[in-house]
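Report on the following structure.
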Ligand code: DX5
Ligand code: ZN
């Protein structure tokens, strides 16, 4: 069964604990969008948010670092309770070093790529990662539309994984909802990151039922 990762960027942050409580039976993990106002045109949360979340949930937490210097922050995010760290290919001079560093600290290491970054830029890192996060919107905001040309990228990565027998997971982030979730999973996606699709979805209970059609 695919994993549903809830991006709290789309939650009502004045009531974060209640929001997580409200959706907890429909999700598997929490996705934390860390933005620096430099790599992406928005500012969000730092590691104190993980400390806050850890006061009321044991769910896995993915720290999606949309920052220009991810290496500065990796250790602290893991110490505070992140179980996965996702870094962007576009922000790392020494991607292999950063991936190995995350793994050495006991967290899962994922690499994200923006919509305009070709899959070929990941060729050398694929054997080392726990997963790849394909951005299906330009990073920065929740509630954007899925970019249709990302279907091809997802399917291509799924083929590469199969051809090389890589164990990596495929995650997608942005514009995912009940209308495309099942098709994404059928295309090889293991983790659906969803902001609006979780916190602003009146048909959230339908999501698991939809995904179970792939079993
Ligand atoms: C975008 C973030 C996403 C975003 C997803 O930069 O990385 O995680 O919150 O939101 P939705 O699912 O609403 O597109
Ligand atoms: Zn994200």
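Cβ atoms are placed via backbone N, Cα and C, with glycine included.
A quick note: this is a predicted structure, and the numbers were derived from the prediction, not measured.
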Notebook entry, point to check: 31, 33, 64 bind divalent metal cation in TrEMBL, but which of 173, 190 does that record place at the same site?
Noted result: 173
Next item on the list: Give me the Cα-Cα distance between residue 142 (substrate binding site) and residue 33 (divalent metal cation binding site), rounded to a whole Å.
Entry: 10
Note to self: Please report the distance from the Cα of residue 7 (substrate binding site) to the Cα of residue 31 (divalent metal cation binding site), rounded to the nearest angstrom.
What the structure shows: 4
Notebook entry, point to check: Given residue 64 (divalent metal cation binding site) and residue 140 (substrate binding site), what distance in Å do their CA atoms have, once rounded to a whole number?
Noted result: 11
Notebook entry, point to check: How many other Cβ atoms are found within 10 Å of the Cβ atom of residue 64 (divalent metal cation binding site), counting all protein chains shown?
Noted result: 28
Notebook entry, point to check: Max Cα-Cα distance in Å among 7, 64, 140, 141, 142, 143, 173, 174, 175, the residues listed as binding substrate?
Noted result: 17
Note to self: Cα-Cα, whole number of Å: residue 173 (substrate binding site) versus residue 33 (divalent metal cation binding site)?
What the structure shows: 11
